[in-house]
Amino acid sequence: STMRTTDPLHSSTDLTEGKEKLRLKQEVGLISGVSLIAGTMIGSGIFMSPEWVLHHMGNPASSLLIWAACGLLAMFGALSYAELGTIIKESGGEYIYILRIFGSFPAFLFAYTSVILVRPAGLAAVCLSFAEYAIAPFYPGCSSPQVAIKCTAAACILILTIINCLNVRLATSVMNIFTAAKLLALLVIVVGGLVLLAKGQTQSFQNGFQGTTAGIGAVGVAFYQGLWSYDGWNNLNYVTEELKKPEVTLPRALMIAIPLVTCLYLLVNVSYLAAMTPSELLSSGAVAVTWGDKVLGSWAWLISLSVALSTFGSSNGTFFSGGRVCYIAAREGHMPDILSMAHVRRLTPSPALLFTSAMSLIMIISGSFTSIVNFFSFMAWLFYGMTISGLLYLKIKKPELPRSYKVPIIIPIIVLMAAVYLVLAPIIDQPQMEILYIVLFIFSGIIFYFPLVRFKYHPRFLRRVTLHLQLLLEVAPTARDAN
């Protein structure tokens, strides 16, 4: 690999880095596993996506069907991943599965796209929704100006970067506090909705299927917006190496967390529709705030506050677990060495975090919430489809591999069909130039793969840059076996 110049530092850091990692993530048990999945899944989506799902589907009943179908699809995807996790017991999620099944080149394309586009896009979308809720109370009765939203989102990313670069423990405690806030916010909305339904506010559900949209592209985009709220169902596969009894914990945690989140999401949507007419819901910039104004009256600010806390916590979670693919890919020689290094005293993967935040800032400046989500989902489902086809390959060609958990073959087939639909539907229905740019970007990885990874050509100036960055950021290589 490129740079191993700081050897005296290297040895001492390796020991402390190893201890720190092992101490921080001793072993993830069932409860931690459930909260890791649910905590990352419940983010900005449920507070932002309902109006867009309704917008694309055309009526309340079919939009609720989409929410239920998204939950089922996330469950099927997660169960398929659970079998993969018990065959390939390594951390790194899709990256490691694609690497072990299909080889180095597709895994590099995944890591390249994920580190430069997919993860920063996810973070940018969550921070934009945080900004929308954080400043909504300052602009009552009208939509907030885009400049204010983008500046607040950028500030959010900078604060997260500082928190995560300073101290791992600080980042984890922030995550725990904000997870409690988001569950509280959802429970308030659910209870409020049940009270309204008990009072007979059911007008939104009469003639519920009137005016349903039938276009395959519109349904595909509605799925994108709904599935964005479920994103995170595959998070436990990124930390397989740290699970207690992965063969038991992985499937069990998924079977508890995902149905729980699905039920919460459906109840929250019902609550929104009980409080607002479909047209009011469509014209709301921040659905939960409008709900709060109608139901809680003078206490409405509580909803804005808890939703802002929830989205901030979720973006912190995305940021915190984000270093995983970067770290593992650099460990396998697919990313610049500098991205796998950690700060010599603080033991945080600061180069990977700084890189992610820089890419996210570029996306915030150039895009809006819906465009980023559609663009994120297109790429995510492209790679989910590839990973699931890898599972089908192993099931058919290598049934003798030891696996403690088996998913019925029909489930990965359904997920693969859904992934193909989600990737192709928007292209067929409304071809957009952006999708062509994404595909070109993915294949632009070829330019870097052959010289830098395949033929291991490391120009001298790159080594010099790595050395200067090491000195500037005070980072050193981490122990390969620390994970």
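The backbone N, Cα and C atoms fix where each Cβ goes, glycine too.
Curation plays no part in TrEMBL annotations; they are all automatic predictions.
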Listed range which TrEMBL flags as transmembrane segment, given the options 94-115, 116-137: 94-115
Range from 28-49, 61-82, 406-428 with most C-beta pairs under 8 A to the transmembrane segment (295-314): 28-49
Per Cβ pairs under 8 Å, the stretch of 151-171, 253-275, 351-369, 375-394, 406-428 packing most closely against the transmembrane segment (94-115): 375-394
Stretch-level contact, the transmembrane segment (177-198) and the transmembrane segment (28-49), CB cutoff 8 A, at least 3 pairs: yes
Interface-richest range of 28-49, 151-171, 351-369, 375-394, 434-453 toward the transmembrane segment (253-275), CB pairs under 8 Å: 28-49
Cβ-Cβ under 8 Å with the transmembrane segment (61-82): same-chain residues at least 6 beyond its ends: 37, 50, 53-54, 205, 208-209, 212-213, 219, 222-223, 226-227, 229-230, 233-234, 237, 250-251, 254-255, 258-259, 261-262, 265-266, 269-270, 384, 387-388, 391, 405, 407, 411-412, 414-415, 418
